[in-house]
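Enquirer: According to TrEMBL, the protein has these features:
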type	residues	note
DOMAIN	1-262	domain 'Myotubularin phosphatase'
BINDING	37, 38, 99, 100, 101, 102, 103, 104, 105	substrate binding site
ACT_SITE	99	active site, phosphocysteine intermediate
COILED	279-306	coiled coil
């Protein structure tokens, strides 16, 4: 699976790159996934920011959203990951995934496919492992893509690659609300601290830089912070028994703008009650119902024992 548009692969030939030739790999099925590069994604996010804040044009909202092409890009990334998962699950074949450099679109596709294929990665612990494995350890250039420590706001190497990945994960949680242990607040917290630099998790472009900066010695991990208060990040609808492979729909009709993230600071558009507060209320209600159920079961058992003795 080549994540790039075919025309981009052709253009890379002039710079010494290219793509796999069928005659060199006779047993290979080759596909271009048509995912845009970092410049396309950065431009799309910039347009999305313009329509979300500070003013929202109600009369042109849907046409303005369509013009950003943000959901089109989410569709392409999510659809590409579905193709990877389908080949692995249904054809029982291995899949080689790459893009131009290997640390942007490749990480998006492999991480999403892992979430679809293995329910462990849909737990909080499993998701943290996916991010560590496919993004941090694999060499996604977080500092460069996010602009950490760089005053040049027009740097053309900045891009919302990890944000797109988290957006795709959120789309999956909407389509499969019982399959993920974590809630929306968990995803928003990760994105907030992607930019906050309060933790060392997303500092540096590679392991070599993090070792040189002694990031793990000098900073705290975001995961330690999250894991110290797990209850506020848990999805009360999560059903651990759901173990099947997930194939989310990448149809544009099924995708939504993530209002809980992109519009949360716009007083006219944001949800009136934070999602994690609703989850907290649900968790309390579920706990009370379980306690009541346990109480009734014990009462029924006592009454059955009394009836047996009387008989």
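Any Cβ shown, glycine's included, is placed from N, Cα and C.
What's the neighbourhood like for each of these?
Expert: For the domain 'Myotubularin phosphatase' (1-262), the model's pLDDT averages out at 91.
In the three-state DSSP reading, residue 99 (substrate binding site) counts as coil.
Taking the Cβ of residue 99 (substrate binding site) as centre and 10 Å as the limit, one finds 21 other Cβ atoms among all the protein chains shown.
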Enquirer: By a Cβ-Cβ criterion of under 8 Å, what residues six or more beyond either terminus of the coiled coil (279-306) are in contact with it?
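Expert: Beyond its ends, the coiled coil (279-306) has Cβ neighbours at 183-185, 231-232, 234-237.
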Enquirer: Hey, which of the binding-site residues 37, 101, 103, 105 is the loneliest by Cβ count within 10 Å?
Expert: 101
Enquirer: In terms of DSSP three-state secondary structure, what is the assignment for residue 105 (substrate binding site)?
Expert: helix
Enquirer: Pairwise over 37, 38, 99, 100, 101, 102, 103, 104, 105, annotated as binding substrate, what's the top Cα to Cα distance to the nearest Å?
Expert: 12
